[in-house]
Amino acid sequence: MAIGFFLLSHPRELFPSLTESLWRLAALSLVVVVLDLRRVKFPAVPWTVAAFLGICLASALWSVEPSDTLRAVRLYCLIAVFACLAVANSTVQTLVRGIVWGALLVAGATFWTLWLQETGAQVPNAATPVAGFHGNRNVISYTLVLGICALLCFQARGLFARVRWTMAFASMVFLLLTTRSGTGIVAAVVLPVAAVMLTAARRWDPFGSKWAKMAAYAVVVASAAAALATLSSVAALLGRRSDLSGRGPLWDAIVEVWSQSPWGGYGFGAVWSYSWFSASPSAVKAQIDQLSGQRLAHGHSILFDLLPQLGVLGVVAVVAIFALSGRWIFTPVDDTEYSAARWGLLGVLGVALSGFTEPMLAVPVGWFVVVSAAAATQRIGRRRAVGG
């Protein structure tokens, strides 16, 4: 799990091709299955995820680049299958522990490049300090945010486990601060607040009183809203541009282009290019570049990255994934179900916070976390259906 999460974080200076990394991941999974000698469970993909991927596939019918759309659908289907298999063949605690170790691998590799820089040694092939082997400090930032989400869901039992938990949390937060990512720092504040309030709500009323939970979640929502409202101030404090690094004009241009095809967009995977997936040049992307006055590879936001690709249909499908993943925390759950419900809420919350300025649904680790959260919470419903 840890190696899989590390590969999905796309350390492009080590493994330039994400497709090759997925093949390595498949080979590693096969070895684990053979050595473990246990029966592999093949889960049902959450219907919300299946619906979203179905819309993505259907968009090939109106896509400006159908071949790019089909390539993108294949890629994200593979990641979704891996996420569902991981959830089906492990407990939630095993899942989040693997994600934590994967995030620590990212942190360790980044610390290594920082150490090489300090000692005057040659830094491997364009791996820069803070950006590490991923080539971009924002990649380090959102990967660590997802690692913190998993860490806040992990139950450390015993003194030694709590010491390790504290060391892991301190390492991730310290490295997150060095990235100077305003969104990452805001998420590092909001997520622990959310985790504390979830724990407090459960302890106030272990049977899940609606009023106790609503009070706790109101604090979380207010904290997140206040934090995002001060994001420009945080950026200015870090010496960054207060206009979110030029994203404002880009988002204005995206809205104008999207308004010409509001319902279905221009095709999944047919507009933007990422370090792990490149779309063919298109008139849609050229128009966005012209209107914004700059050439940015992608939408730099979950919402604005998705709008020109899948329009309103895609946004509604994503909202459904997020809402149904987080809804179980509002219902009475036992300890086993609570672990999944907590991951469902904190996982999508971490993706949403990072997604304010990053295309987290397109990011491989972001998509993995979203699908794993949906799959974990779906098991609650299936468990109750079987029990009932």
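Note: Cβ is positioned from N, Cα and C throughout, glycine not excepted.
Taken straight from TrEMBL:
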- 168-318: domain 'O-antigen ligase-related' (DOMAIN)
- 21-37: transmembrane segment (TRANSMEM)
- 44-64: transmembrane segment (TRANSMEM)
- 70-88: transmembrane segment (TRANSMEM)
- 95-115: transmembrane segment (TRANSMEM)
- 139-160: transmembrane segment (TRANSMEM)
- 172-195: transmembrane segment (TRANSMEM)
- 215-238: transmembrane segment (TRANSMEM)
- 310-330: transmembrane segment (TRANSMEM)
- 342-375: transmembrane segment (TRANSMEM)
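Residues belonging to the domain 'O-antigen ligase-related' (168-318) score a mean pLDDT of 81 in the model. Long-range contacts of the transmembrane segment (44-64) within its own chain (CB-CB distance under 8 A, at least 6 residues past either end) are made by residues 70, 72-73, 76-77, 80-81, 84, 264-271, 282-284, 309-310, 313-314, 317-318, 320-321, 324-325, 370-371, 374-375, 378, 382.
In summary, the transmembrane segment (172-195) does not lie against the transmembrane segment (70-88): fewer than three C-beta pairs, each 6 or more positions apart in sequence, are under 8 Å.
Within the chain, the transmembrane segment (310-330) has long-range Cβ neighbours (under 8 A, six or more residues past its boundaries) at 46, 48-49, 51-52, 55-56, 59, 198, 208, 210, 213, 217, 258, 261-265, 268, 302-303, 337, 340-342, 344-345, 347-349, 352, 361, 370, 373-374, 377, 380.
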